[in-house]
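Below is one structure, written out as structure tokens, with a few remarks after it.
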Amino acid sequence: MTLKGKKVTVHDMTLRDGMHPKRHLMTLDQMTAIATGLDAAGVPLIEVTHGDGLGGSSVNYGFPAHTDEEYLGAVIPKMKNAKVSALLLPGIGTVDHLKMARDLGVHTIRVATHCTEADVSEQHITMARKLEMDTVGFLMMAHMNSAEGLVKQAKLMESYGANCIYVTDSAGHLLPEGVKERLSAVRAALKPETELGFHGHHNLAMGVANSIAAIEVGANRIDAAAAGLGAGAGNTPMEVLIAVCSLMGIETGVDVAKITDVAEDLVVPMMDFPIRIDRDALTLGYAGVYGSFLLFAKRASAKYGVPARDILVELGRRGMVGGQEDMIEDTAITMARERGLLK
């Protein structure tokens, strides 16, 4: 099918999902430099928070270099055209965090739950709509639910007031057919005016292919990150996605050369390590494990002598989901004892 002339809103993840490989320690200067570069390149929507969303600063998830208020307060006044979004996970972020973000000028709030737990989003979605925000329901780890199951969860979020629903491949585990199956079912079930989004990870190198597959079945919001900066092997690399969309005639409004320069000149030099598909990131995608578990597993591996790959496979076998970061160390300790590495 031809996608020529199809309009898509590209949503940047560099400054939120990209906080995971940065251990949430981006400086305000880095944040504002990248945000202004993205704005100048024509990116219409930029997410800014702790990697785990508003209120994510904690022992469990990691302490950031600055508060959410400081990051948002630094970026929002500098935006000429782009709007700023924030992620919120119920149980981590609160309604008070939501109101704070709105007061600072956040345009879009994305309320994220595990793909079987949309019912915990009601309070936050209802409040966001009451505050007249662009309100997104964000269903994480979508490979862990069937198309029919995702439809039920999406319709719940829509009933609470979400005007856009995201199907989110947090583990980078889905292949294009799995993306199409899930998103086409959700698209058919939602009201025509409710938007549909897709968030991909590149652990199996499928970020761009999956995003195009999502667009083919009706997604009109697509997440990506400059130079792919994000959890695991990163998000869908934005500069590649924009180039592919340009070749296909999909209209994003983002300048290919400018977004490539942002990736190459601003994001790559800031990386603490290359964002690539190493054996552990590949394991995330292969075993279907939550992307931000990667660094936790690497740290546990260094501490207890169990290969990170083995820890990740075990987490996948146990069906661990986002929010269970504290279980990674427990799992590593158990495995180390079983292998005689700990007394």
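Using N, Cα and C of the backbone, Cβ positions are placed for all residues, glycine too.
Copied from Swiss-Prot, the annotated features are:
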| type | residues | note |
| --- | --- | --- |
| DOMAIN | 8-260 | domain 'Pyruvate carboxyltransferase' |
| SITE | R16 | site 'Transition state stabilizer' |
| BINDING | D17, H199, H201 | Mn(2+) binding site |
| ACT_SITE | H20 | active site, proton acceptor |
Just going by other Cβ atoms within 10 Å, which of the recorded positions H20, H199 has the emptiest spot? H20
Say we define neighbours as other CB atoms within 10 Å of the CB. Which of the recorded positions R16, H201 has the fewest? R16
List of residues, in chain order, with Cβ under 8 A from that of D17 (Mn(2+) binding site) and at least 6 apart: E47, G51, D223, A225, L229, G230, A231, N235, G291
Rounded distance in angstrom between the Cα atoms of H199 (Mn(2+) binding site) and H20 (active site, proton acceptor): 16
